[in-house]
Amino acid sequence: MESPKLLRLTCSVKNYDWGCKGGGSQVAKLAALNCGNQIDPDLPYAEFWMGTHESGPSFVEQPKGEKGVSEDSPERVLSVAKALSIQAHPDKKLAEALHSARPDLYKDDNHKPEMALAITEYEALCGFISVEELKDVLRNVPEIVELVGTAETEQFLSLNEKDDGKAKSTLQSIFTQLISASKERVAEVVSKLKTRLESQSQVRGLTGKEQLVLRLEKQYPADIGVISAFFFNYVKLNPGEALYLGANEPHAYLSGECIECMATSDNVVRAGLTPKHRDVQTLCSMLTYKQGSPEILRGVPLNTYIKRYLPPFDEFEVDSCILPKETSTVFPAALGPSIFLFTVGKGKISIGSSAEGVPVNEGDVIFVPANIEISLTSETGLQVYRAGVSSRFFKPS
């Protein structure tokens, strides 16, 4: 290795069935370039993992070809073709309780805040829609009323703007009844919903949410997640926009490709759009039931070419750099270690103002220790992402 401080990582790939297939997947392209993997056109490529997670650690090449695990925080690229489950991640206290009670399902005691930074247009469901939006849903989606009952529906419709506490408890009651409905009733009601929307599509344009619901029904027939999608904010991120997800907030990634960064944990509580284990009771009791649109991060410029995405968590931050052909820029020294992922182009990475550097290409992943200023020079246009420990973590409390 040209520099003892800049270390190339060989990373891991996950082939979950919701991934994009073959060469159409950014994950597949990065894996082929990073690891030398052949791309199977029939195989889904879902996640490209960078970090020390035991299920898919990255490795550092040593001078004699030996392997060592890198020490860094988890970063991934996701290529999503099919919706992921409706899920939430527990806070630290709940994670400890779940791990203690059910270590077979909840394999660690950590929380899992995360952020998705869109590479392409990226779709997600995130958090509950506002009170007024949900009232419109209850008035216009009779299948939901059929599952939750007229009394609960009328109670929510009668709320006024000052009933915040009551809105939260009523939403929890309605959502719990919906998500807990029997498989037989769900199958019947989802079928009715599909038939009604397909019929109405002949005489009017369907809303974006209605079109999404029909798409989800094709992916997960007779699943309660199809109809519960009406309860959540339908978010479409443009490239360069990011969505962060705190503890106990419902969400589901739907389609597109993103950079995902998170705390190290496998704790996921699922309740819909999945063949995996569903822990409905835990999910319904843990959610915050906050209503309203989620915050979208667009990055804060560090200089002409670099933007920083800083969610309200101590665990991580992400920088995005788009560097035109034959241009240079500097990443300021970070107080913790970082991973640099090169997704487009080729150039050179070096420490500080050193003339010597390491050549980098699309698919390269470089580990950088703390307190090192990094210079990048592009040969062609470069697109680079840096993930590291949040600068908030190092500020005195």
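Cβ coordinates come from backbone N, Cα and C, glycine included.
All TrEMBL annotations are machine predictions without curation.
Source: prediction; values computed, not measured.
What TrEMBL records for this protein:
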ACT_SITE  Arg270  active site
BINDING   Gln87, His89, Glu114, His251  Zn(2+) binding site
DOMAIN    6-64  domain 'Phosphomannose isomerase type I catalytic'
DOMAIN    76-128  domain 'Phosphomannose isomerase type I catalytic'
DOMAIN    148-231  domain 'Phosphomannose isomerase type I helical insertion'
DOMAIN    310-353  domain 'Phosphomannose isomerase type I C-terminal'
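The DSSP breakdown of the domain 'Phosphomannose isomerase type I catalytic' (76-128) into helical (H, G, I), extended (E, B) and coil residues amounts to 10 helix, 20 strand, 23 coil. Same-chain neighbours of the Zn(2+) site beyond Gln87, His89, Glu114, His251, judged by a C-beta within 8 angstroms of the site's C-beta center, are, in sequence order, Ala88, Lys112, Leu245, Glu249, Pro250, Val268.
Ranking the recorded positions His251, Arg270 by how many Cβ atoms sit within 10 Å of each one's Cβ puts His251 at the top. Counting only same-chain residues 6+ beyond the ends of the domain 'Phosphomannose isomerase type I C-terminal' (310-353), those with a CB under 8 A from a CB of the stretch are 3, 5-6, 9, 26, 30, 50-51, 70-73, 75, 77, 113, 115, 117, 119, 240, 242, 244, 246, 259, 261-263, 297, 299-300, 302-304, 359-394.
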